[in-house]
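The next block holds one structure in the form of structure tokens; read it before the comments.
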Amino acid sequence: MERYKVIREIGDGTCGNVFRAYNTETNEIVAVKKMKRKFFQWEECISLREVKALQKLNHPNIVKLKEVTMENHELFFIFENMECNLYDVIRERQAAFSEEEIRNFMVQILQGLAYMHNNGYFHRDLKPENLLVTDGTVKIADFGLAREVSSSPPYTDYVSTRWYRAPEVLLQSSAYTPAIDMWAVGAILAELFTLSPLFPGGSETDQLYKICAVLGTPDHTVWPEGMNLPRSSSFNFFQIPPRNLWELIPNATLEAIDLIQQLCSWDPRRRPTAEQSLQHPFFNVGNWVPRPLHASHTKTIETRPNPRLELNLWDFGTEPEDNYLDLTLSLKPSFPGTDFSNNVPEHTKEEILLYPGFENPPVQSGFWPLVASDRPMGDVPAMSSWPQAYVVDGQATLPAVGFSGSPFGLSPLQPNLFENRSFATPIRQVNFF
């Protein structure tokens, strides 16, 4: 260790102290973690979970272990240097993060986590302090509590900082899964919006209360297995209805709220994996934005070959209203990726926005009602089954979670949408399937 000169201490944890130092031979700045316990055999050192995990994990969003050395029964880990951690970034923040900034943080966290889980490890101690940041790059650190996914239970019950601890751990489950990491990710995502913890419990019992105060007290219909865990009787003291997350996180979008709700599900089996989370609509940027736009906001879109047109007439009734509901023009692309907005009447075209930079979209169809644009729309019933990002007749619907082809759909788009005349209601915008 003679070649490393300590600059200052930057962290003090349960297992060790962390110092910023530089290599006197190369002048490279590094982070040195000095373990608190004594080691007498080299075999003890290389058998540590943190060493074994970091030897196997090599990813841009996982901190790099450069060297392990032992002197006078003291063990030192030499890591790449990072400027700060996410806790420092949140604490020093004067204004809320933009959604773009939050999305950038979360993509990196989930990418590192997906790699870790796919390579047989789960972290068990995800929290802002263990997410290191340099120039917008985020890396997962501190694998002292990491376990192999294939390892056999029982696991220790005291893992992760309390505020980010999954309920199955609080209830002393001995056979939890990588889903405990996903709970922590949900809590961190919420904190990035509010700059304060979502579940700031003062004790383990208070932590359960704080979770119930947000999610509502679970029962056998919400989390059957959880009701049989050792400490599940604690719920008898907390009979609380769920809160509306829009009230707690007013600056979050519908997609962000939905992702938080799924990640922070009582039942760990309902939480998406890291890979599934990356496919959530919250991360679907550069795609179309389904909301009404004024003509001045309409984007100019590159001209492409004309699409094939089909006129579909469904079973008409005898009343004029039946014809009004059932006559629809269907446009199907002549090839995948067709952009047909240039052939749309101006009053319809102003209702949509396609991002020119979005490449390789799925084959889509658009539907327009063949009725006069000045026909009154106030009496038309709103569709109840659209996903949360859709806007019907200029009004955003409440989230009916799910996008077609996504693992996040409680109810995907109706496959028989046009077999039922009640769903053929004209919509004052273009909808893509």
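A Cβ is built for glycine as well, from the same backbone N, Cα and C atoms used for every other residue.
According to Swiss-Prot, the protein carries these features:
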ACT_SITE  Asp125  active site, proton acceptor
BINDING   Ile10, Gly11, Asp12, Gly13, Thr14, Cys15, Gly16, Asn17, Val18, Lys33  ATP binding site
DOMAIN    4-283  domain 'Protein kinase'
MOD_RES   Ser151  phosphoserine
MOD_RES   Thr156  phosphothreonine
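Sequence-distant contacts of Thr14 (ATP binding site), defined as residues of its own chain at least six apart whose C-beta falls under 8 angstroms from its C-beta, comprise Gly144.
Between the candidate recorded positions, Asp12, Asp125, the densest Cβ environment within 10 Å is the one around Asp125. Each residue in the domain 'Protein kinase' (4-283) has a pLDDT score, and their mean in this model is 91.
Neighbouring residues of the recorded ATP site, listed in sequence order and excluding Ile10, Gly11, Asp12, Gly13, Thr14, Cys15, Gly16, Asn17, Val18, Lys33, comprise Lys34 (Cβ within 8 Å of the Cβ centroid). Maximum intra-site Cα distance, ATP binding residues Ile10, Gly11, Asp12, Gly13, Thr14, Cys15, Gly16, Asn17, Val18, Lys33: 14 Å. There are 21 other CB atoms within 10 A of the CB of Gly16 (ATP binding site), with all protein chains counted. On a Cα basis, the residue listed as 'active site, proton acceptor' lies 19 Å away from Ile10 (ATP binding site). DSSP assigns Val18 (ATP binding site) to a strand segment in the three-state reduction. Secondary structure at Asp125 (active site, proton acceptor), taken from DSSP and collapsed to helix, strand or coil, is coil. For Ile10 (ATP binding site), the Cβ neighbour count at a 10 Å cut-off comes to 17, with all displayed protein chains included.
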